[in-house]
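Have a look at the structure below before the remarks.
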């Protein structure tokens, strides 16, 4: 809401900074899905639906944000003319308020097996006292209680009560403890304890995936907008948007079928399949620019959006069709085809690496592992665009940045065999 009310650049940056500090809600969702699902099949289905909803909201949100921030709809409204993001940010602010309406303990509709985060990093507290536990059980159908799976999960939760709290092992005289040591033991040591070979490999895969993705999207935007004389495609915004829409659409579509794919190949090989599908898109994008015999100054690029519509009916041989205007040609439908490969690989890889991270620790440490993974991803997603721009400028050719990205993906494939 601060961003929507802002009328200065510096205050807008401050608002964006605050937004980024509290934008880790997906980490909570990943951990909850992992806790609610007990096997790979149900976990794959849960993360598949998570990916679908997240992808759809990402596409719809981007379209809505672009429309609501259009200055043309603010003409004659001084408040909105001075605050162009107020309308879009108000909708997001309203959703945040609605999300605060969580059910209170004992409220009708509360889930019995709700995991509650506590100060202790290695346990889940589950209130099984007779006063609070009995009413909750009475709301569960008797048939569900008689099932072996339900009784087993309840027994596991009850057993956690006997686990000693981290506070029990702390010295009684806390005044004598060094404040720095106390901070280290409470906030740093839990993360160091989970850094084993079993967790470092999935975290490395996730970090490399996010880095290659950030560099690739930056390089793709640059090559799409750059003049043909400088190795770009000089595409119109409409064609570039349609190409990226295919990329986003394929990610959503693939996530819908992820459950079936994972049940056939398994999590590890589904991840490797996704990485293998991304490689053609990364390596072949810069080589879609075809010289037709004229100088770069006379070069033109195809902006015909009908080429996108005819993607399905065109064969691979049509990738060599020439533009009658001469110069250079950009087979846009070939670019879209590569985006199909990239979107498919992206969807398979992302959900698989999330499952690998979840499987690397017990459920009591889902918050820690996904929080650490989200932190690493945020770092490389911040560095990636800058690194992509630097490589584009310093590389001297449009293919250098894509080859660097491809090498990162190849390294990603190699690391996956360490699991």
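Note that the numbers count up from 1, one per residue, in the order the chain is shown.
Cβ from N, Cα, C; glycine included.
Curation does not apply to TrEMBL; its annotations are automatic.
Per TrEMBL, these features apply:
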SIGNAL    1-23  signal peptide
TRANSMEM  47-69  transmembrane segment
TRANSMEM  205-227  transmembrane segment
TRANSMEM  239-258  transmembrane segment
TRANSMEM  270-289  transmembrane segment
TRANSMEM  332-357  transmembrane segment
TRANSMEM  369-392  transmembrane segment
TRANSMEM  398-418  transmembrane segment
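Contacts between the transmembrane segment (369-392) and the transmembrane segment (205-227): present, as 3 or more C-beta pairs lie under 8 angstroms, all at sequence separation of six or more. Here the transmembrane segment (239-258) has Cβ contacts under 8 Å with residues 44, 47-48, 51-52, 55-56, 58-59, 220-221, 224-225, 270, 303, 305, 308, 332, 335-336, 339-340, 342-344, 346-348, 350-351 of the same chain, all six or more residues outside its ends. Same-chain residues lying 6 or more positions outside the signal peptide (1-23) and placing a CB less than 8 Å from one of its CB atoms are 82-83, 85-90, 93, 378. Away from its own ends, the transmembrane segment (332-357) comes close to residues 30, 40, 43-44, 47-48, 51, 55, 199, 202-203, 205-206, 209, 213, 216, 233, 235, 239, 242-244, 246-255, 258, 261-262, 267-268, 270-271, 273-282, 284-285, 288, 302, 304, 307-308, 310-311, 314, 318-319, 369-370, 373, 419 of its chain (Cβ-Cβ under 8 Å, at least six residues beyond either end).
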